[in-house]
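Here's the structure we're looking at; comments come further down.
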Amino acid sequence: MSARVDVDGTTAALPTGGPGALGAPWSSGVRRRPDGEVEVAGVGAGDLAAEHGTPAYVLDEADFRARARAYRGAFEAAFEQIGTGVDVYYAGKALLTVAVARWATQEGLGVDTASGGELAVALRAGVPGAAIGLHGNNKSDGEVLAALDAGVGRIIVDSLVEIERVGDLAASRGVVAPVMVRVTTGVHAGGHEYISTAHEDQKFGLSVTPGPDGGTSPALGALEAVVARPELELLGIHSHIGSQILDPSGFEAAARVVLQLRADLAERTGVLVEEVDLGGGYGIAYLPADEALEPAPVARDVAAAVAAVCSELGTPLPRFSIEPGRAVVGPAGMTLYTVGTVKPVTVSPAGGGSSDAEPFTRLYVSVDGGMSDNIRPALYGADYHAEVVGRLSDAAPVLARVVGKHCESGDIVVHEVLLPGDVRAGDLLAVAATGAYGRSMASNYNALTRPPVVAVAEGDSRVLVRRETVEDLLALDQG
Ligand code: LLP
């Protein structure tokens, strides 16, 4: 990734915001003013709402940059210690806008894209082709050609069919395509089964385990197929084991499998690939009690493990790369909503009338967005933290559920949170740590328009992606 921008002064710790900051799961620029209003990087919640409306995704630019630097700094230091290098690619699927891609590039990260659309955003941002990777288990010819034309640094191939297709397309353009082969190591990790992508019974990658007839594994077969195509340059092996991983031992286990595969390929073909990508998946705090993964100890452990494995195998160390998405942008973002209706609902505990447990009251607090701007609670049962951010309240906290405005009872924004008992229509409410997979997975369900992405830095806010309008939706409808 030679074209990336080099930046001085990397630091390896995640930003905390220091004294006065609300702390995790909020971004480091979030603090409560003496009058009770919450501010982000010096801009009050009230001003943000007045200027940009609600709902709005609010991104703390300095926090994003600090997290990008922390990951890069921690991994560079740890891998330098063992005598090799590492490149950090920001996984754009978490949130990609032109400005966000620029921030990542300015902090010395490459950009990992998962479709032609994400590739186009990275290119529009001016990210050098050499610093871009293109993923996808079912890339179209158009996407592959766009990547080749942009001179992307790596196309991560995902099947035998695709290896032949990328080879043919490269031949048609008269170029050599730089590829990595995505393999599944059998190691899977992460907070939810749907986001664990290294199960053998899933669509991604090629397994290192031989099929029922024995013989060569699909992964080894694919690597050999790449070696056999002169239009393809085999850069390395790629493994992504899952997402929202809080136990880093999975990275070490996967690295061991990949390094063994690399040694096997070298033994069979004489080709020792130069790079191993360990994917993304670094977990973050969503709730005040959660412990985020700190990059420095993880990087140290992974580096030590790969050094030990390479020395056991007697193979020189490859260069490494990683692809964090959520860990860079997740905590940097919050969603600002306005409270509408508030309704106490009496809940009978499970077991109904026969249960000894007393019925209790849950306060349903409806906001002006919902599952269209954050599908994660409905899709994964994901938990979030929310606070009233426009004022201070000394009312006793009550058990609340924050819900959206969609026609669906599963339209839940925060399953369970304590909110001030006097929470009422007009209050501003913010949900923390929505920077990753919020806007990028947003929909227009019920013809709701997607909220803007607003960046805040040094006391100023600016729109990165404007709010969608109903006119935007109608413009697509051909009548
Ligand atoms: N690299 C590859 C090849 C990936 O497939 C992914 C995520 C990443 C990197 C970035 O992972 P991260 O560091 O952000 O965990 N929609 C789900 C997450 C799906 C992740 C898919 N792949 C969610 O909202 O939790």
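Including glycine, each Cβ sits where the backbone N, Cα and C put it.
In TrEMBL, the substrate site is described by ARG376, TYR380, GLU408, TYR437, and among ARG319, ARG326, ARG467 the residue recorded at this site is ARG326. Pyridoxal 5'-phosphate is bound by GLU323, PRO324, GLY325, ARG326, TYR437 in TrEMBL, and the record lists one more residue there from GLY281, GLY404, GLY410, GLY459, which is GLY281. Maximum intra-site Cα distance, substrate binding residues ARG326, ARG376, TYR380, GLU408, TYR437: 27 Å. DSSP classifies LYS93 (N6-(pyridoxal phosphate)lysine) as coil under the three-state reduction. According to its DSSP assignment, GLY281 (pyridoxal 5'-phosphate binding site) is coil. Nearest in space to GLY281 (pyridoxal 5'-phosphate binding site), taking C-alpha to C-alpha distance over the recorded positions LYS93, ARG376, TYR380, GLU408, is LYS93. The separation of LYS93 (N6-(pyridoxal phosphate)lysine) from TYR437 (pyridoxal 5'-phosphate binding site), Cα to Cα, is 7 Å. Counting other C-beta atoms within 10 Å of each candidate's C-beta, the recorded positions LYS93, ARG326, ARG376 are led by ARG326.
According to DSSP, ARG376 (substrate binding site) is assigned to a helical segment.
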